[in-house]
Amino acid sequence: MIFLKRFIVWTFLFIVTLIQLLLYLPDFSCISKNGGLPICTSQFNFAIVDSSHITHDFITSIRELLRLLSYLTIDMGWSSGLPAPDAYNDENLVDTFHLNNIYKVNYFGYCKKNGKQKEYCTSNHSSGMDILALLVRDVGIQLGKLSSAYENNTEILGESLVFTYELSLSSLHTFIKGDRQRGNILPKIVTNQGNEQTDLEYSSSKAYDKGVSLAYGLMLFNEIMYFIHIFEITISVHCFLNVILFGFALVWGKKQILLPTLLKITSSLLLVFASISFSGNLLYLLLLKMLEPDPTGITTTGWEMLEVKAGSGFIITCIRVGIQWIFLPVAFITSNHYIQPKKQQTKIDELKSDDESTVKQV
């Protein structure tokens, strides 16, 4: 009867930890390099919209710049099988900022769709869910498709552009931070106004500084959340292994100190990092929602250019965190019930030492 009771307790712990561990598998979707329909349970989906005159002009300018880069790439190293005139068609050029594109973003990868046709999925690497780095990577991948040097491995150019973007952003942020301490010399040099600076020029330079700081903050935030999530998954694996070892201890029939203590520690750490990761994910999603256009048009800055929706992966994350909140008190109650009291352990140690001394005397 006692064995059956312990087996039921361990089975419950095993099933709960196994379920929460398996619910991490969708986080590794959206990274398939194969064609067809790769599975993608995204944390969120976003599309670019031109909701105002400002965003329309901004997006149009970027698209024209990417069109120019596409032409240069084709002229300097085009070697695909298409006829030369067809290579300059719009469908063969970089379309990162096309309004029909839908980006499905996950922790470790993203998928890009154009309407109902899914184009490709690739890994984010350490950039996490940073949408700016994602767009830069997409530009690099598409340029790689147009280049003879990278047409067989387009991810190389995408990763190179992301590395250049992050390095340039870090250097620019450091320079602007130092320039503030020197009295904003850069705007004065650029505008050639000496020590004088108009209100319009000052507001423009401040907006530029805020834009760089925002992009730099998003880059750091997503990198930190990326490594926190990896550590969270690692703790989840250790927690599952601890439950298995704890089950062997229950079957053996002896109360332990080490295994129940480890179970309490790993379950506590798991919930802490899972809560941090979930809170950061939710905060990031809410920040992106602020870049959506207001349907009423009451509150607007003119720069709302995203349409963001929570994905199926976010719902799975909510379920997983809920299971982990249930698992923590159960793990503590079970560990406290089957842990060996310190007094009893001390008494056992004393008896062992007495037996050893008796054996030596004999």
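Placement of Cβ uses the backbone N, Cα and C atoms for every residue, glycine included.
Among the features that Swiss-Prot reports, topological domain 'Cytoplasmic' is placed at 1-6 (among others). Per-residue pLDDT, averaged across the topological domain 'Cytoplasmic' (1-6), gives 74.
Residues or ranges marked as transmembrane segment by Swiss-Prot on the basis of sequence analysis: 7-27 (among others).
Annotated topological domain 'Lumenal' per Swiss-Prot: 28-232 (among others), in sequence order, evidence recorded as sequence analysis.
Sequence-distant contacts of the transmembrane segment (233-253), counting only residues of its own chain at least 6 positions beyond either end whose CB sits under 8 Å from a CB of the stretch, comprise 2-3, 6-7, 9-10, 13-14, 17-18, 20-21, 24, 27, 259-260, 262-263, 266-267, 269-270, 273-274, 335, 338. As annotated by Swiss-Prot, transmembrane segment applies to 233-253 (among others).
Under the heading topological domain 'Cytoplasmic', Swiss-Prot lists 254-267 (among others). Sequence-distant contacts of the topological domain 'Cytoplasmic' (254-267) (same chain, at least 6 residues past either end, Cβ-Cβ under 8 Å): 235, 238-239, 242-243, 245-246, 327-328, 331-332, 334-336, 338-340, 342, 344-345.
If you look up Swiss-Prot, you'll see 268-288 (among others) marked as transmembrane segment, on the strength of sequence analysis.
Taken from Swiss-Prot, the feature topological domain 'Lumenal' applies to 289-312 (among others).
Under the heading transmembrane segment, Swiss-Prot lists 313-333 (among others).
Taken from Swiss-Prot, the feature topological domain 'Cytoplasmic' applies to 334-362 (among others), supported by sequence analysis.
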DSSP residue counts for the topological domain 'Cytoplasmic' (1-6), split into helix, strand and coil: 5 helix, 0 strand, 1 coil
Sequence-remote partners of the transmembrane segment (7-27) [C-beta within less than 8 Å, at least six residues beyond its ends]: 41, 106-108, 229, 233, 236-237, 239-240, 243-244, 246-247, 250-251, 312-313, 316-317, 319-320, 323-324, 326-327, 330-331, 334
Helix, strand and coil counts within the topological domain 'Cytoplasmic' (254-267) (DSSP): 10 helix, 1 strand, 3 coil
